[in-house]
Amino acid sequence: LKCKKLIPLFSKTCPEGKNLCYKMTMRLAPKVPVKRGCIDVCPKSSFLVKYECCDTDRCN
């Protein structure tokens, strides 16, 4: 699985066990990603932060 890094032109091959791509954004600025990469379990979104996870690089 390859996921995009914070700089969209670059991607990263995920290590074994981390089989989800994720994108973290602030709710106040939803179009600006704060963090991107590979993750094993999708964190819960909170009042300030929104997480978007999927098993392809389409969401991040």
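In case you wondered, yes, glycine gets a Cβ from its N, Cα and C as well.
Keep in mind that this is a model prediction, so the values were computed, not measured.
As written in Swiss-Prot, here are the features:
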type     : residues    : note
DISULFID : CYS3-CYS21  : disulfide bond
DISULFID : CYS14-CYS38 : disulfide bond
DISULFID : CYS42-CYS53 : disulfide bond
DISULFID : CYS54-CYS59 : disulfide bond
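Between the listed disulfide-bonded residues, namely CYS3, CYS14, the fewest other CB atoms within 10 angstroms of a CB are found at CYS14. When the alpha carbons of CYS54 (disulfide bond) and CYS3 (disulfide bond) are compared, the span between them is 10 angstrom. Within 10 Å of the Cα of CYS14 (disulfide bond), not one of the disulfide-bonded residues from the list CYS42, CYS53, CYS59 places its own Cα. Ranked by CA distance from CYS42 (disulfide bond), the disulfide-bonded residues CYS3, CYS21, CYS59 have CYS21 at the top as the closest.
Across the structure, CYS21 (disulfide bond) and CYS38 (disulfide bond) place their CA atoms 5 angstrom apart. For the disulfide-bonded residues CYS21, CYS53, CYS54, the greatest number of Cβ atoms within 10 Å around a candidate Cβ is found at CYS21.
Sequence-distant neighbours of CYS59 (disulfide bond) (same chain, 6+ residues apart, CB-CB distance under 8 A): CYS21, TYR22, LYS23, GLU52, CYS53. Most buried of the disulfide-bonded residues CYS38, CYS42, judged by other Cβ atoms within 10 Å, is CYS38. Across the fold, the C-alpha of CYS38 (disulfide bond) and the C-alpha of CYS3 (disulfide bond) stand 6 Å from each other.
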